[in-house]
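Here's what TrEMBL has on this protein:
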type	residues	note
DOMAIN	56-141	domain 'Ig-like'
DOMAIN	146-233	domain 'Ig-like'
DOMAIN	251-332	domain 'Ig-like'
DOMAIN	342-416	domain 'Ig-like'
DOMAIN	422-509	domain 'Ig-like'
DOMAIN	513-600	domain 'Ig-like'
DOMAIN	613-711	domain 'Fibronectin type-III'
DOMAIN	716-814	domain 'Fibronectin type-III'
DOMAIN	896-991	domain 'Fibronectin type-III'
Amino acid sequence: MQDLLKEPCWQLIIIGVKFTHSFLRNEWGFFSLYFSYVFPPSAENTRHGPVFTQEPSDSIFPMSTDDKQVFINCKAKGNPPPRYRWKVDGRDINTDSDLNYSLVEGNLLISNPHVINHGGVYQCIATNTFGTVVSREAKVQFAFLQNFSSKTRNTVSVREGQAVVLLCGPPPHYGEIKYSWVFNGQRNFLQQDARRFISQKTGNLYIAKVEALDAGNYTCAVRNMMTNSTVFSSPTPVVVRRDVVMGEYEPKIEVQFPDTLHVSKGSSVKLECFALGNPVPSISWRRADGNPLPGKIKINHSSGVLEIPYFRPEDAGVYECVAENSRGRNVARGQLIFHSKEGRTFCFLLIRWECKAIGKPRPTYRWLKNGQSLKAEVRCMTGRLTIPKISLSDSGMYQCVAENELGSVYASAELKVVASPPDFTRRPVKKSTVIQRGGEVVLECRPHASPRATISWWREGGIFVSLLRRTIMEDGTLRITNISKSDGGRYTCVARNRFGTSSSTGSLVVKEPTKIIVPPLSLDASVGQSIVLPCEVSSDSSLSPIFKWFFNGKAIDFNRQEHFEMIGGGFAGDLMVRNIQLKHSGKYVCMVHTEVDTVSAAADLIVRGPPGPPEGLVVTDITDTTVQLSWGSGPDNHSPVTKYMVQARTPFSIGWQTVRTVPDSVPGQMMHATVKELNPWVDYEFRVVAINSVGVGEPSTPSKQIRTKAAVPKVAPINVSGGGGARGELVIMWEPVPEEQQSGEDFGYVVAFRPLGSSTWIQTVLASPDASRYIYRNDSIAPLSLFEVTVGVYNNMGEGPFSRVVRVFSAEEGERLHVLHYAQRSVVTHVSLVQVLFWEGGLEQSEADRVRVINCTALLSGLKGSTRYLISVRAQNSAGLGPCSPPFNITTKKPPPSQPPGSIEWNLTNSKIFLNWEHVKAMENESEVTGYKVVYRQNWHDRTTVLETNKTSLELQIPSGEDYLIEIKALTEGGDGTSSGPIRIPKMSSKFHTLHSMQMIGVGIRQRSSGMGAPCVTNPLCD
């Protein structure tokens, strides 16, 4: 826009100055032109044609539900005021017939725009009576994002350890978009790392090495950054196959940047690079000329993107992306070329400026340079200035002067011609480049020069020409492949242009390649052993190799790994693995780095150990003595399972015990067995242990607890004996059957006895599984009467076996004493009698009482309660009495309470009797009450039943049909207390059952036995 000059008298108006130029550069330099225009202010009242003060510009508008209008600016000055019309794609817009378009002053308003109908190239046209002006063209576009296709995506099947690329396939869109991926519908987007990369160029998801946890559904998410809208694709199912694991392989760069990329000054450039491989490759960036990366460069967390903001000429060059793992490395290269907006890559031979002015009389034109009239060789005709050949001397300020009789006006422009000779100060050739024989090298030559310099290379004083292995690239870079020793030396880059010549020199040093001459070998080892994996190299003597070891793709940190140690030195870096464990099985890679190359060798280590635990143990087909087990094999840890061992645990066992099976030895190929010889009605847990040639493995997880089925008892009581007690008592004792051998519920004992020589057995039932003694009371029993005794068992499934018959003596008068055993001494003649001597503490042995017995058991009667006694024995035969044994001490218990249970109440309901009584409180000189004994029988029958309880109540269930007699006694360590006396319960009107098959239920009781037993003292029921 031209501004008016301040002088009010001047009538000359310059309508415009047109400069035909492109800010382009010829062989001498580039040009920057600056223009200014001035007009008199009085021209505001002067009628003139339209002049734009605001023109439309290229724009992108977001298409969203909130944006219903698009506004394109256009404004012009004129006198009279201009009228406006618009064109789109060369067609006139009719705002009267097309309701989507309307004019607001000169601005164009588009209502309810449509992506296809309203996108295009727009021009504003301003007209008044003096003429018409057309604005610059403005490209108008709309940002949008359509939905993905709803078509189901195919399942991708991939092996564990393999790489996979999931295609996004974005829908139609316009405007900047951002790609993300969603895994299994999670709220957060998938995070990128060294193993997973999302390309913002293609939208594809790259997984360098697939793991088992990668199985699932993947959804591509596309977001339009202008409309802020997001759409999601259909999920892509990924199935990870574990039948075959992918082996290791060197990196393969799947995502890489272009070989050549022109970058404008001040713009931002992003380079993408990502590699697939097993192990997962690491990504690093570097410049090919060896210079460090600029500090402003940004590298994201996965190293897959390198960003250079505010691109400058010094940022140009060859950039390399290096992908590396234990199997090797791969390199991608690309050259960034600085591209100036001034058009440094173009040239032209002339520049033409045109200047027009309107005035009466018609103005004439002349041109000034730096205030001086131009020389004759510069053509200046009717306001047009042409400079045919640009040179440095053409730089300066130019002015167009339009004048007539009334005055003159000026329009100014500046012409800059920039040029310089080649200069290596900022970017010299790399001083020294070291490379291995057989490798490839790139030597960069990038001097600063304007115009661009011509590049040539010299070596050892001679010019260097391109050959088969040696190539000088378009930008002057020297590339040499398959390098040999003869390629070593000094290389000089020579740069020339019109303004001078410059050079820079660097050295190329060729080294022998590194080779592994003693590689690690694959080995087998057993747990606990120590091994050495060798790694020895041959290398150039001037190089110092650096050894690194990798285990399953991860570098070994020797400072944190107690099992690993690197041994050797110089050109050897062996790995020692101490006390090998199963976790050390895998792939070991020895990687050797030198200044010029990297080599590696791998070996597999198989560690054999005891088997892992079997899996999925199941118990089926449960009987009273057998169960069926089945399981799955666990890891054999590289040594086949030879056999399985089955173990069981019960609440009664001490830890796990090996059980018998069918077959006796379960072979390693068999995954089932029958466990036999179990106890009925017992809770069992089972586990299985695998065995191989290395040893016994870990047990399986225990099975769920099961209970075997009930059965008739198979085990009779053992150690049946008796003796002792008060006068008229027959004491019978046995060792209770352990709970695990009771085989069912309602377990109890059947006690049977008879006088020696009698054919009739007397029986009684004890409905307590813990009973260990029964006392039969009958005053007619003579002291030391001999009885035959046996004890049987029963449960709710039936009667079990009886013990072997033993002989037991009845009691003798006096207080009872524990049974005394002694050993007979060897004598010449047969011992016929044994004499037992006992006396109170404080008395002499001469005052002792004496008892003679014919066996090794004696009952001492007439003792006092709570009194210390000394006891000694001596043998007697036909030759007389032998010497006395050393005496030993024993103290009798306190006597039982003399007070019987009182306040006895009973209730009879159907076939149940409910009993309650008061607690018996012992005196100070009496034994404490530990429980109660309830003895009952049918009135006419001799067989009695005994129950013990620690409560003062009891519930009995008895057969109906007869009267019952019941009595209650206190239980103490000193024996049974005084009886309550018989209580008569009248008969019930139901069918009679014998005692032998009687069933009894105790509420809240569990019969027990004390050290002194529970004898029936002065009990009329024993008559």
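Here the Cβ of each residue, glycine as well, is placed from N, Cα and C on the backbone.
Of the candidate ranges 56-141, 146-233, 513-600, 716-814, 896-991, 146-233 contributes the most Cβ pairs within a distance under 8 Å of the domain 'Ig-like' (251-332). Note on the domain 'Ig-like' (146-233): DSSP counts are 3 helix, 35 strand, 50 coil.
Assigned with DSSP, the residues of the domain 'Fibronectin type-III' (613-711) fall into helix, strand and coil as follows: 0 helix, 47 strand, 52 coil. Looking at the domain 'Fibronectin type-III' (613-711) alone, the prediction's average pLDDT is 94. Using a cut-off of 8 Å between Cβ atoms, the domain 'Fibronectin type-III' (613-711) and the domain 'Fibronectin type-III' (896-991) share fewer than three residue pairs, counting only pairs 6 or more apart in sequence.
DSSP assignment over the domain 'Fibronectin type-III' (716-814) gives 3 helix, 49 strand, 47 coil. Under DSSP, the residues of the domain 'Ig-like' (422-509) split into helix, strand and coil as follows: 3 helix, 47 strand, 38 coil.
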